[in-house]
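Taken verbatim from Swiss-Prot:
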BINDING   THR13, GLY14, GLY15, ASN125, ARG161, SER189, ILE243, GLN288  UDP-N-acetyl-alpha-D-glucosamine binding site
Amino acid sequence: MSAPTILIMAGGTGGHIMPGLAVAEVLRERGWRVLWLGNPDKMEGRLVPPRGIELVPLRFQGVRGRGAAALLKLPFLLARACAQAWRRLADIRPDVVLGMGGYVAFPGGVMAALRRTPLVVHEQNAVAGTANRWLARLARRVLSGFPGVLPRGEALGNPVRADLCALPEPAERYAGRSGALRVLVVGGSLGAHALNTTVPQALALLPEQARPQVVHQAGEQHLPALQQAYAQAGVQADCRAFIDDMADAMAQADLLICRAGAMTVSEVAAAGVAALFVPFPHAIDDHQTANARFLSDAQAAWLQPQASLTPQWLAQWLGQRTRQELQAVAGRARTHALPRAAAHIADVCEQAARRAS
């Protein structure tokens, strides 16, 4: 008897691809054959094949924000992508199709529905993306990382790394700590400039004895400018291009200052770390603010818009934080973790395939 087959559709950003890979790994451990529908010229082309997963090519990208000329081409591009997707599905004949977001998922999802192949959709963000808003109407099951995102949605969480979920409870990690607060700053690859400039300036406003210990990750491209910013501010910091062991970095931190992508927010909850979210202001539909509110509305994190993140505000805010308060916030964040999200999403895919057989 041949192994059941799933076709995962996700592309464009790591926020769609990485959770899809987590589900793929669970299903492969259960004996499934996993294929991936994506654009080989985009991020999925770099991330998926090294994991031993065959990338089934489909070249399609969104036109939102690309101007009138791109919008006029959309019907032709979509028709061509749908024809490609139909042929791919006819060749593969998957038992179930899982859409994790990104424009490439739209033609594949529509064609799966037309072929009566079970379609499962998972939305990572607290505001659904364009493709998933449409595909949710066609899907057998609709899943989400946060509550109340889509009609018929089941909030199963976002798949996160096991090493984050395995960290000790915040009370155990914070116990016995003394001295300066430990702050981890993660700028990310998008829009890191605001954090990279504001944090050094804010720390310079604090008395030297009141400054926290800082580890600041900014990406290789931004590292020289970040080091210069701290030097000009007269502030010592551990500046890094990358952090190889993010779980350990989070475990050591009293406070994380970061953006609010869906996976970041889910990882904060999984790790149980106090976080100040500064949402990327140009994210589509301002979805990062909605993501951050999942924790900030529960007093399990703080949210500060970038427009009002000044060095003066941040210096005053940091000066008011205590380790005891940060531990309490970290503990509340941990209560919102859904550590078995990948397994639960895989369960739903298996259920959808069985019901169709």
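Cβ coordinates are placed from backbone N, Cα and C, and glycine is handled just like the others.
Fewest other C-beta atoms within 10 Å: among the binding-site residues THR13, ASN125, GLN288, that description fits THR13. Taking the Cβ of GLY15 (UDP-N-acetyl-alpha-D-glucosamine binding site) as centre and 10 Å as the limit, one finds 22 other Cβ atoms among all the protein chains shown. Residues near ILE243 (UDP-N-acetyl-alpha-D-glucosamine binding site) in space but far in sequence (CB under 8 A, at least 6 apart, same chain), listed by position: VAL186, VAL215, GLN217, ALA249.
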